[in-house]
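According to TrEMBL, the protein has these features:
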type	residues	note
DOMAIN	24-298	domain 'ABC transmembrane type-1'
DOMAIN	351-581	domain 'ABC transporter'
DOMAIN	654-933	domain 'ABC transmembrane type-1'
DOMAIN	968-1197	domain 'ABC transporter'
REGION	584-633	region 'Disordered'
TRANSMEM	54-79	transmembrane segment
TRANSMEM	151-171	transmembrane segment
TRANSMEM	234-258	transmembrane segment
TRANSMEM	278-297	transmembrane segment
TRANSMEM	647-672	transmembrane segment
TRANSMEM	692-715	transmembrane segment
TRANSMEM	762-784	transmembrane segment
TRANSMEM	790-807	transmembrane segment
TRANSMEM	828-848	transmembrane segment
TRANSMEM	875-898	transmembrane segment
TRANSMEM	905-926	transmembrane segment
Amino acid sequence: MHCLTSTVLATFIPEIVLSWIPRAFHIGFMIAQPYLVKITLNYIMNHNALPVSYGYGLIGAFGFVYIGIAISSQMFNFLCFRLMVKMRGALVGIIYRDMLAVRAESKNSASAMTLMSTDVDRITMTARWVVDIIPNLVQIGLAMWILGLQLGAVCIAPLVVALLCVSAGMAKIIPVRQRRWIAAIQKRVGITSDLLAVMKGVKMMGISGPISKQIQDLRDFEISESKKFRKLQIAVISFNIVPLMSMSAVTFTVFAIVAKVSGSGTLGISQAFTSLSLLGILIMPVALLVSALGNIFQAMACLDRIQDFLLLEKRTDYRSTGSSLILNSASNEGRFPSAEKLNPELNGAVILLKEATFGWDRGPESIVLKDINVRIQPSQLTLIVGPIASGKSTLLKSILGEVYLHRGMVHVTDIGDIAYCDQDSWILNQSIRENIIAFSEYEEGFYKTVIKACQLQEDLSHLPKGDLSNVGSQGISLSGGQKQRIALARAVYSRKRIILMDDTMKGLDADTSSKCFQALFGPQGLLRRNRTAVIMATHNAQWFPSADFLIVLNVEGCRANCGSFSDLRGSDEYIRSLEPSYKQNDVGDAEQDDASASDSLDMKPRSPVENSNQEESLSKPASITHKKKEKSRGNLNSSLPYYIKSLWNATFTIFVALMIIQTGFQVIQPLWLNFWTAANAKNAREDPGKWVGIYVLFSVLNVGGMIAQFSLFLLRIVPASAKHLHMSILEATIRAPMSYFVATDVGQLVNRFSQDMTLVDFPLPIALMQTTEMFITVIGQIILTCVSSGYLAVVIPALFLVVFYVQRFYLRTSRQLRLLDLESKSPLYSFFISSFSGLTTIRAYSWADKSYFEHIRNLDTSQRPFYLLYCIQRWLMLVLNLIVAGLGVLLVGVSVALRDKVEPGLLGVALTNVTSFGMTITQLIIDWTDLETSLGAITRIREFIAETPKENEGVENPPEDWPSYGAITITRLTAKFGDHTVLDNISLDIQAGTKVAICGRTGSGKSTLLSLLLRLYDPVAGTITIDGLDTNDLKVDALREAIVALPQDPLLLAGTVRYNLDPASHANDEDILLALEKTGLRTMLEGKGGLDAEFKTEWLSSGQKQLFCLARAMLRRSKILLLDEATSSLDHQTDEVIQKLIRTEFAGWTLVVIAHRLKTIVDFDNVLVLEDGRVAEYDSPRALIEKGGLFKALWDQQEA
C-alpha cells in the first residue's frame, strides 16, 4: 500500500546508517551528563574527603562532554539535512518526470504544484524525525537502565508514562482530516490561479465582486476544514504532553509511595537531581518520538498522494513509426493484414490512419471520431474542416497520440519529427527569441527568415529590445494573434518534417493573414520549399482553394469526404455551404486585436502612467521586482511585528499571559524538589505527602496551561489571522489596475495565494508558538540558574551580548540565503507550471527529455541555497552549544572553587538546568530558523499589499436603472502609453440604441477605446459620459457591472453551470434555461446534470464556449453591449448564430463592436474608422463605401 514510502526508505538506507555514527557518540555524551551531575554533587557534599584536583578533573570532564555534545549533535544534524536535500531533489525530479507522461486530461496543475512544494517540504522535514527513531529508542533504553540503578523498580513508572504517549489511534485519523484540508487548499489555489490568468475578462465583465467572494468563501471553507484538523491535532498533542510533562511528577510520586510503604528511605539530593537529569535526557527523545509519530503519518499521507500521482494513467502512444509500416493496433492484432502487406499502402506517406476510431476515454460512450482513413503526403497542405464539435482538434490530437485509439491504426514515419501549434498557444515567460528557438540551436540567418515569413518583423521593430523583449506570464504582453504567430514561428524554426496546426491562423488581420499564408504555404513558401507536411484544422474557408487536400468531418465524428478542393467543391455539402465565404475571400479574422505594436507588444493597453517605450514596459517589471527583493532584505525584522499585529487582540494577550504563567509553573518544579530533598536531609521521617502534592499540582497546572495555549492559539487566533491576511492580498489583487497584470508574472501572484498562504496556515503559527514558548522557557531557565547559582548572574549580560552578536552575524548570511532560496524556487515552479500547460506541445515536439533536463537544471540551482541555508544553521547551533558548554564549565568551575559555600541542592538545580538548557536553546534555534523561514511569506505579503498599485475606483454610485438609454458621449479623449499617444483628441456622440462598429487597420487604437469605455485604463485628457454621467466619477465596479461586455476569449468560471452563467445571482432558473435554449445549449447541459452540475470546459467546443458566454450576457440587464472581437475565432456558421442572437436579444441596446467581418456590420447605424489614434471617418457603412476612403479600402480588401 505504501510502496513509495518503502522505496524512499530503501533508497536512503546508507545515508541513514551513516548519520547514526555521530549520533551514537552523542548518546554517549548525553548519558555521561547524569553521571557527572551525581559525581559533582557527591564531591560538593564530601569535598573535604577528596583532593582539589578531583574537582579540577570534573571541570575538564564537563568541558569534554559538553563540547562532544555540541560537535556530535551538529555532525548528526548536518548528515540528516544533507539527506533531506537529496530526498527533495529525488522527489521533485520524479514528480516532474512522471508529469511529462500523464494523460493530458488527467493533469491538475494545482494538485501537482502542491505535491512538488508543500508535500515534498513536509516529507523532507519529517526525514530527520525518521532517522532519529532508532537512536532515540537506544537513548531511552540506556536512560531507563541508569534510572533503575538510581531508583530501583520505580524506573518502570516513566516507561509506563512513555507508553501512554503513543497515540497511534488518533494519529492515524490525522491524515484523513489533513487530506480534506489539503483538498480544500488545492481547490482554492486552482480556481484562484485560473482566474488570475484571465483578469482582463473578469474586469471587463464587471464580476470582480462575485469572483472575490467566491475565492474568499473557498478560503473560509478551507479554514473550517483546518479547524477540524487542528482539533484532532490538539487532542493528539494533549494526549501526548499530559503524560510527558508529568513524567517527573509520576516518577517521584511513585518513589515516595514505595519508600513510605517499604520504609526504604527518603529521596536524597544526589539521588533526586541525578534522576531529574536522567528524566530530562529521557523526556527529549520520548517527545521527539511522540512528535515523530504524527509527522510520520502526515508524511506518509504526502507520499501516498505523490504515489497516487505517479500512478495516474499514463498516455499510451498507439502510433507505429518507421519508414516501413509496423502494425500497432489498439484492437486484435489479427484485424489487419501483416505489416508487409500494408507497406504498399504507405506509398511514401508520412502519416497514415486506417479505420481508426478515437475517444477521450476507454469507454465506447467517449468515442469522438469513427473509422477514419487518411493518408498525408510530404510537402502537402492538408486542411481539416467541418462544423463545430465535429472533432477537428481531436483528429490532430490523435495524430499526436494524445487520445485513445479504440480500434484501427495510426502510423507516423517519425514521431520525433513533428511540430505542433495548439489552439491556445503555449508561450513561456521568456523573451520572444527564446520562445521561438525553444530547445533548438540559434541560427541567425534562418531565424530571420522565419521571423519574416511569420510577419513578426513589424512587431519587433516597435520594440527597443526587439525579439529580446520578455512576453510576460502566458504571453500576457501579446495579443492573441501575436501569440499564434510566435507559436507558428517556433514550429517553422524547428525544421520538423510534419507540422500540425490547430486553427493557428485565427485572429490575424487580413493583410497579415494573407502575407503569412503566402510566405509559408504559397508556391514559393518556406514550408513548401522545405517539403514540410502541414495539417491544419480551420474554419476559414478562404484557404480551401490553396489546400492540396481537404478532410471534411461531420457532426457525428465521421469523415464525410476527403480530396482536393476542386473534387469536393461540387460534391460535398459542407464545402458547398461555405462557397460564398471562399468566393469572397473573407479573411474571417480581419480586425483581430493582434494589433501590432500599438495595441499589443509595443502598445498593449497599459496604464497611462507607465513609461511607454517597450524597453521599460516589458523589461522594467523585472527590474522593479528586483528592487523589491533588494528592499526586502532590510525588512525581514519588521515582518514579525507585522504578523503579530495581525494576531494581536484580547485573545492573543490572554495567550501570552497563559504562556508566561505556564512557564513559571514549569521552572519552579526543580526548586520545589530542592526544598523537598533539603527537608528530607534535615528530617529522615519527613512526611512526603505535602511535598508530593504540591509538586503534582505544579505539574497539573503546567500541563493545563499548555493545552489551553494550544487550543486558544490554533482554534481562535490563527484562523482569524489567516482569514485577514488572505482577504488583504485578495483585495489588493482585485483592486490592482490592468497594467499591473500586464507587467506581473501570474506565477508570482499565484505564489502569494498558494505557497505563502500555506506557510501562514501551518508552519508559521506553529513556529511562532514554539519559538515564543522556548524563548520564555530560556528566560525562565536563566532566572532559575541565577537563583540557584547567584554567581552566574554576573555573566548573564555577557552571555546575552555574545548571543546577540552571533545571531546578528548569522542573520546577515541567512537573510541573503533565504532570499536566494526564494528567488531560485521561482524559476523551478514557473517552469513546472509552464510545462503542465504545454504538456501536449512538449510531447508533440519530442522535447520531454530536454524539458526534463531543464527542470533538473532549475532544481539544482534551487538546491544550492536550500542546502547552504541548512549548513549555516548547523554552524549557528554549534556556536550556541559551545556557549552553553562554556556556561556549564563555568558553573562547575565556580562550584569547585567555592565548594565550601555552595548548597548542594541548589547546585543540583543549576546543573540539571544547564543540562536541559542546552537542549532548550537548541530547540529554540530550530524553532527560530523555522519561524524565520516562514516569515519570508509575511515579508512578501506585506510588501505585496503595500506596493501593489490601485486603480482609480471612483466615488459615486450610479442610479439603479442606469444606463436607462445607453447614450455615449466622448469628448476630446486622449490616451497615452508613456510618451506615445494612442488616442488623440477623439470626440464622438453615440446615440442611444444605435449600433456602432469600430474599424481600422492594425494598431489604430480600437481596443484602447473599448478599454477606456470600461475604465480598464484612464485617459490623460477628455471625458466619457454615459446617459449624462461622467464615467470617471463613478465607482469602477458599478460602471463595469452596468455595461455588458463580451471579451474576445471566452471566460469560463469554476463552479456550477448556474454560477458560471450568473455569478452575481441576479437571474432566476427560468431565465437561465431560456437563455441556454436560445443558444442551443440547454439539451446538452441538461444531459450533463443541469444547472447544479459542476461545469467542465471540455464539455464545449470553441464555438459553444462563446455561445455559452453570450447566454451569460443575455441574462444581464443593461442598455449597452460591447464586443471585443468576440467572434474572431469562430467558424462562419457559429458566427451567424451569434450575430442573429445579438440582433434579436439586444434589440434597442447601444452596441459598440470591434468589427472583424465587415459583411456583418452592413446594417449598423454607423462605423467609426480609426487611423493612428484619430477619427478618420464616422458615418453609416453605405455612406462610407460610396464616399471612398479607409473603410472602402478595408471593404474592397475583403471583397477581393
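The backbone N, Cα and C atoms fix where each Cβ goes, glycine too.
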>> Tell me whether the transmembrane segment (278-297) sits in contact with the transmembrane segment (647-672), defined here as at least 3 Cβ pairs under 8 Å among residues 6 or more apart in sequence.
In response: no
> Quick one: do the transmembrane segment (905-926) and the transmembrane segment (692-715) have at least 3 Cβ pairs under 8 Å, skipping pairs fewer than 6 apart in sequence?
Replying inline: no
>> Restricting to CB pairs under 8 Å, which listed stretch, 692-715, 828-848, 875-898, is in contact most with the transmembrane segment (647-672)?
In response: 692-715
>> Would you say the transmembrane segment (875-898) and the transmembrane segment (54-79) are touching, if the rule is that at least three C-beta pairs must lie under 8 angstroms and be 6 or more residues apart?
In response: yes
> What is the pLDDT of the domain 'ABC transporter' (968-1197) when averaged and given as a whole number?
Replying inline: 85
>> Should anything in the same chain at least six residues away from the transmembrane segment (692-715) have a Cβ under 8 Å from its Cβ atoms, list it; otherwise answer none.
In response: 227, 230-231, 233-234, 237-238, 241-242, 245-246, 248-249, 252-253, 256, 651, 654-655, 658-659, 661-662, 665-666, 668-669, 672-673, 676, 765, 769, 773
